[in-house]
Structure formats: structure tokens, C-alpha cells
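In what follows, a structure is listed as C-alpha cells, so that the remarks can point back to it.
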Amino acid sequence: MNLMEVRELAPSRGQLDVAAVQVKFDSTELLEDRISRIQDLVSGVGKADLIVLPELWLHGGFSYDSWRKNAISLESEVFTFLSEVARDKKAWFHAGSFMVTEPSSAASDMWNTSVLFDPTGSLRATYKKIHRFGFSDGEPKLIAAGDEPRVVELQTERATAITGLSTCYDLRFPELYRHISAEGTALNVIPACWPLTRIQHWQTLGRARAIENQSFVVQCNMTGVDQEVELGGHSQIVDGNGDILAQADKEEAVLRATLNFDSLNELRSSFPVLNDRRADIWAAKGKTVIASHL
């Protein structure tokens, strides 16, 4: 399938069983041991239509010095393994994000790339993180920025879910979610490596993105410690009314919830706030009036 394919999407409907796996990061763990542990965690999830892992669970979200050394390509054995996991689980599998290089790009280019596999194990979508965290250091200094929002149609026997992909720091930028909501997104999946020190932002912003776009939000965070940064955990699944369907604490955990898109459609019909967007104004540049006097 062409990952860049553009076509009209069917409306979201039905019910989707989701599992978000909150992973504990251990910087002393060998990469092969971490991969094996992830396999055990996902195998223990049980039946689900969509399984989600956190951002950079393989590399470490704050392990900047090892990113380049441990970067992988989409042809890596890691992705072959993840494809097999999706096929074995017969589930959509958002395998989190990875430091990815591409043969056709400049040698210095590396992206924080999320990957989504379908139940047959086929790679159905990738998303390069658009907003890089770290200001003048961290991600802006080390990796390239993505520039393409990504929406994918998840199909199961019971549901169709128009799903937007984003990553961690993207959560702070509501314009991304409003932009993809115009494509009909009813679910936003957000893997992260969010620190404990700003965990109240993580929780509040997730609910805000759900409320303002009347969409489900699945936030899958890391826990543990990475380069002396205490990771926040508190993964959560939120409905389109801002109500929390499931929430973790700081322990490694699997969150589960059933997303009812028929109920979401009823919410959107009974309170059609999205119909009142003024895209004509926001698309026009130079129209803001600066008032110098009352």
C-alpha cells in the first residue's frame, strides 16, 4: 500500500477495543532484552483491536548520546519482528516511535518516526514527529522535523476508526489536531516519553485535545528513569467529552478501553461545535486587526 495515498475516508463507526502498554524504561537493559520484554508484554495483552506502545521505548527518549548509534531503518529486523507481533496478535499495532534513518536522505538526517502495522503485519502508516522537543538542544539539534500530518483509516470487523497520529510534544500544539480533524479524525493516538515534572500538562492537554475536537485520545507514556529524568507514566484513554475511560499511575501497566464511535457520533450530532469552525478566517493571512486604542 502507498503510505502517501490520499482518498476520501469512511466515517468512524462501531466499537474498537484498545490496549495501551505503559512500559518501564531501564537504561541498564540490553536492547535485545528490552525487545524480548516488549514481546512478552504485548503477548500478555490478550485480545484487542488496537495495541499501542510508547515513544522511543527502544532508544530512550532522553538518551540523546546513543540515538545516532542505535538508529535503525524501516528495513531493520526490529520492524520485521514488530510486523510479526501484529500478525500474531491479529491486531492493529501502533508500535511506538523509533529513531529512523532513510537510505535516500542526507547522511545526517534522522527522524522520530512512529509506525503502525495492520492485523496482517503490513506497515500501513509512518509518522515523523513534527514538533521537536528541547528548544535549542535535544531533538532540534539531533533530528530532522517531520512536515506531514498523518491520518489512517483503521478497519476491523466491528469498527471503522479515522485515526490521527502524533507524538509526545506534538500534544502542546492544538493546530495539528484541528488540522487533521478536518479529515474526519475520531481518534488520536499519542505515544510519548513525557517526564513526571510536567505530568499535569500531559493529563490536561490530552483531555483538552479530546474535548476541542470531540475525539477519543489514547495517550501511551513511558515510566521509569532515563538519563536521570523521571518519566511520568499516567497513560490515559479519554473520550470525546473529556471523560477518562482508563488511566494508569507510575507503574508498568496495560490500559484497556472500548471506544464507541457510534456514541461519539451522537455527541457530535447533539453538540455540533465542530460545525461552527471559521476555517475561512483562519486560512486568510493578514486579517488580524491590532487595536491600538479602545
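Yeah, the Cβs are placed from backbone N, Cα and C, and that goes for glycine too.
For 16-261, the entry in Swiss-Prot reads domain 'CN hydrolase'.
Residues or ranges marked as active site, proton acceptor by Swiss-Prot: E55. For E55 (active site, proton acceptor), the same-chain residues 6+ apart in sequence whose C-beta sits under 8 angstroms from its C-beta are G61, G96, S97, N112, S114, T167, C168, P191, A192, C193, M222. Look at E55 (active site, proton acceptor): DSSP puts it in a strand.
For K129, the entry in Swiss-Prot reads active site, proton donor, with the evidence type sequence analysis. In the three-state DSSP reading, K129 (active site, proton donor) counts as coil. If you take the C-beta of K129 (active site, proton donor) and look for same-chain residues 6 or more apart in sequence within under 8 angstroms, you find S97, W111, N112, T113, S114, E139, I143, A145, G146, S166, T167, C168, Y169, D170.
Its Cβ placed at the centre, C168 (active site, nucleophile) has 27 other Cβ atoms within 10 Å. Under the DSSP three-state reduction, C168 (active site, nucleophile) is assigned to helix. Residues or ranges marked as active site, nucleophile in Swiss-Prot (evidence: sequence analysis): C168.
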